[in-house]
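Everything below concerns the one structure shown next.
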2 protein chains.
Amino acid sequence: MEVDTIRVFAPATVANVVCGFDVLGFAVNEPGDEVVMRLKNRPGITISKITGDDGKLPYNPFKNTVSVSVKHYLDHIGRSDVGLDIELHKKMPIGSGLGSSSASTVAGLFAIKNLLGDTSDPSTLLPFVMKGEEMACGHGHADNVAPALMGGFVLIRSYQPLEVIRLPYPKDLFCAIVFPQVDVPTREARQIIRNKILLKDAVTQWGNIAGLISGLYTNDIELIGRSMEDVLIEPVRAMLIPDFYKLRDIAMKSGAVSFGISGSGPSVFAFAKDPETAKQINQKIQAHLTGIGINSYQYVSSINGEGPRVLD
Amino acid sequence: MEVDTIRVFAPATVANVVCGFDVLGFAVNEPGDEVVMRLKNRPGITISKITGDDGKLPYNPFKNTVSVSVKHYLDHIGRSDVGLDIELHKKMPIGSGLGSSSASTVAGLFAIKNLLGDTSDPSTLLPFVMKGEEMACGHGHADNVAPALMGGFVLIRSYQPLEVIRLPYPKDLFCAIVFPQVDVPTREARQIIRNKILLKDAVTQWGNIAGLISGLYTNDIELIGRSMEDVLIEPVRAMLIPDFYKLRDIAMKSGAVSFGISGSGPSVFAFAKDPETAKQINQKIQAHLTGIGINSYQYVSSINGEGPRVLD
């Protein structure tokens, strides 16, 4: 019996990872998005259901990033004849800085790849997910896309040509994420960043990214923590996040290895050496946010080494 | 019989390593400087001989970086009573971009440390060599100092506080160095660099340094080569080196893995996968320089994993 329906999960991602603006990202096990895809008898792509998006995402298949990416892929492999229906189940907030659009797009592309029996490495889908991100965010930055697709911790060594490198990471590194429910659109979060920076700050930054990469290769969690400082982007974006420095203080005092902004925010994340510490960090951060009248979601997860996966 | 005379070699170094301005450096086996140090019966430091410096370096022990650093060290350990005489034998050109002053200072400090039977790790001498460099170059940048002292390939993760990380490197990586005899003083070479840079160029640069670090940990020489691109400093400093881009072209066509400026120049260096290729690269670069009327020195070396050593 040929499979004609598939359900796929793709993970949320933390991009930038504090000192790796635009070049580092990792995937988490929770949250993530789900896509249900059904092959149909006649050509054309439809979207029959979207849940969890508060009505924000378009059903028009020419405007939804998932369907646009899938169509781009089908055209590329010469299978424009394929007809299919998409259900998109958002299991994470939109505009959270957790790679929400990447997760949906990766889920869609991984679904069609599997439905068509394409056994090539998922990383071959990278250009198609990038296309979707360009549409969603106005730029095709791979630091959310690549970890969502390939899992684990990844480095975008180069954008032209695109070169993605899988990095090792300590297995006992846990990620605490809190999403404060305030609005920070990606486009605007990018616009407030200065185009020109001081060379001396850049030197500090690349010393740190080099330290972080070393720490990942040597399983040195303390070095990873010391290296996760951002003198360039964080001081600007921190303004968009309520009580950011207070939240950092709370996280570090609760045992965090490091703390920073996930992607363009407003989600913040911390690394911790065990899930209990990660949970405590989140509880204290949420309590502080509640105290200043801000609702939040929280997630605790290890790093997702797998990327998207077929469910059921 | 107590040892009261010692002869020490300390290696030349290649700082910056193309994409790691101010934070990366490695030591080579050739060239390097030698210091002969002799304990004396009465306090005070004298310099009795300097060779190979074309009369450029001061005999005044309060002005020579070697004696100043040694005195600083003796004061620090409470041994201002120690008297000694220094011979400095420069075996590499001054102002070459090969860490000439670092090599001399490291040799001097390693000599006194050994003479006094101090068995601590050589890296403990770092602050004292930094002091010497501050005097010689007007800044205490550790990217020459640390590899000269510790050997191998090092990362200055942070300057405040100073944190130096030893990096692994492929054992079959050979370094071809050519020093064209033109004058590029370190101080001036720093001054022509812009204080402000474009964020997008910095992103390119930290993608590359992250790629280089990954390549060093994974023994991936091709990745090391691809990552060694500098969009920030090299385009400015290249102007100080005759036919720089032509030299790069010659090196790459002769089988170099990568090519760039050593430190602040004018020395250039290439990585190669075997010593024969390294020699050929140097021959062709020297032939081109000769053709445009410029004399040069050349060195072929593996990476020096040891740092300074006692001779005889």
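Cβ atoms here come from the backbone N, Cα and C positions, even for glycine.
All TrEMBL annotations are machine predictions without curation.
Feature annotation from TrEMBL assigns ATP binding site to B:Pro93, B:Ile94, B:Gly95, B:Ser96, B:Gly97, B:Leu98, B:Gly99, B:Ser100, B:Ser101, B:Ser102, B:Ala103. The domain 'GHMP kinase N-terminal' feature in TrEMBL is assigned to B:65-152. Under the heading domain 'GHMP kinase C-terminal', TrEMBL lists B:213-289.
Annotated features taken from TrEMBL, shown on the structure.
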| residue | record | Cβ within 10 Å |
| --- | --- | --- |
| B:Pro93 | ATP binding site | 20 |
| B:Gly95 | ATP binding site | 20 |
| B:Gly97 | ATP binding site | 29 |
| B:Gly99 | ATP binding site | 31 |
| B:Ser101 | ATP binding site | 24 |
| B:Ala103 | ATP binding site | 30 |
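According to DSSP, the domain 'GHMP kinase N-terminal' (B:65-152) comprises 53 helix, 7 strand, 28 coil. Mean model confidence of the domain 'GHMP kinase C-terminal' (B:213-289) amounts to 97 (pLDDT, 0 to 100 scale). Each residue in B:Ala12, B:Met92, B:Asn144, B:Gly263 lies on the same chain as B:Pro93, B:Ile94, B:Gly95, B:Ser96, B:Gly97, B:Leu98, B:Gly99, B:Ser100, B:Ser101, B:Ser102, B:Ala103 and has a C-beta within 8 Å of the C-beta centroid of that ATP site, without being one of the site residues.
Across the domain 'GHMP kinase C-terminal' (B:213-289), the DSSP tally of helix, strand and coil residues reads 45 helix, 9 strand, 23 coil.
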